[in-house]
Amino acid sequence: MSRIVFICLAAILTDALTWAQVNVEPNTALLNEGDRTELLCRYGRSINYCRIEIPGEQKVLNLSPEWSKTPGFTYFGAGLTAGQCGVSIERVKASNNGQVKCSLGVEGEELSGTIDLVVALRPQQPIIELLSRPNREGYFNEGTEFRARCSVRDGRPPANISWYIDNMPANKRTTPLEVMSSTNDNVELSTSVQEIQWHLSPEDSNRKLVCRSHHQTDRESVPPQEAAYIINVRYAPVHQPDAAVYGLYLEHTAIVNITIRASPQPKIEWTIDGAIVGQGRTDGRYSAYEPQYLGNDEYNVTLAIAGLTLEDTTKIYNLRASNELGLTDYQVRISSSSKPPSSSLDVAAIVGIVVAVAVLVLVVLLIVFARATGRWCFGGKSIKTPTNETSDTESADIKATSTATATTTMGGVGVSAEEEETVNEQESPQEQQQQQQKKAKRLPAFAAAILRRFNEKDSRKYKDNQESLNIVEGSVQEIPATNNAIDGNDNEPKAIVWQSTSPVWTFK
């Protein structure tokens, strides 16, 4: 009983709290100046009146769905009887930033709720401040720890900061974003600060460091604001692999060009067979030119060789480039032959290789199939006859000779031989079939099925050939003995022979 009473009291208390509570939508409204918005306060029962106070407005708005007395502000909601008190603001002003208060009259008392209205203000242009100082000429030396700070002032809400190098994410070490608040003419604004740092390398020279702010007020027509700084780095000539120059003509003046990177401009000297040729000088057939600036800290270095000989192509040309930060040695080889082809394969070559491999695999599969089934080149060289001949032509000759001899000398012995041959012929297809079955056991299921199909066809063909041969043997035995007599034309015995390869009668 006490449990039921407790549940009832809890339900009543919950209902009372629900009625006494004013729900708001949204809790916080983040808007740009000039935006339109709707703010709503709700109660669980019917209300008598709806009053709303908006920062920056001189009077309290008494709103109802039945009238609209203040331009730019109208009632919003399903009606007072539904317990809803809301306002629709046509254009939000910067002075409206703050807390919007709604007051609802309920059965002789007044309930209230608040909504945070944040009107965004675009921050000032970002500023990059260098924490690491360059030299008088604005250069940093290679290996220096570069540090910079980006500040985005007076934004509402605070702006976010991101770093880029040449329009790519910097991916350098940064400090957490720091937000500082300040008040100006009773308006609270925020300033965002972040630092970035890393050790400089030659690749960082002439690159653009960008600090970009991201804010609520950014639009397609109003892109994010940013600040930029060009980093200048001094470094010794950059090492690179040995160079090779191809396509030079013998007995002509050869021009050898090498591109190197350095900051500031390097001094050049060539060493050829122990002889040193400085920039802007000529020594015999060798002339070294002044480095030519190409941009982005790159310089073109040229050596001219008058009357190039075959011996010149066997030499190693040593180049030394130096500036105030260090020196670097390079080795250059030259050749009168054309540039060697690239070792990489093009698309056509790859396709050709794939097709060739596919064809090779297909041929191997066909050979394996033919060998397993005894087809094509792996089949028998002749069709076996009841007398076990090895070839069609030989069988015809042997048939003629054996027939003539058997009719004159063998007599009854020939009959027993024929019976023995008939038994051998009956056993032969069975043995062949067993051999084929043994082969089929070693094959996959699909190959075994194909093999059985071929065996059935071969068995039917063999039976037909056997019946035809039996008829031929019967005909030969019925030939009278007078056929063994000597003919007056050629004085040789005659025999009628059935050719197994072609179904015709021939005379021997």
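Yeah, the Cβs are placed from backbone N, Cα and C, and that goes for glycine too.
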Under Swiss-Prot's annotation, the disulfide partner of C211 is which of C102, C150? C150
Out of N62, N300, which one does Swiss-Prot list as N-linked glycosylation site? N300
If you check Swiss-Prot for N-linked glycosylation site, which of N160, N388 comes up? N160
According to DSSP, which kind of secondary structure is Q21 (pyrrolidone carboxylic acid) found in, if we only use helix, strand and coil? coil
Using DSSP, what is the helix/strand/coil residue split across the domain 'Ig-like C2-type 1' (126-223)? 3 helix, 56 strand, 39 coil
Compute the average pLDDT of the predicted model within the domain 'Ig-like V-type' (44-106). 92
Measuring CB to CB from Q21 (pyrrolidone carboxylic acid), give everything in the same chain under 8 Å that is also at least six residues away in sequence. Y43, G44
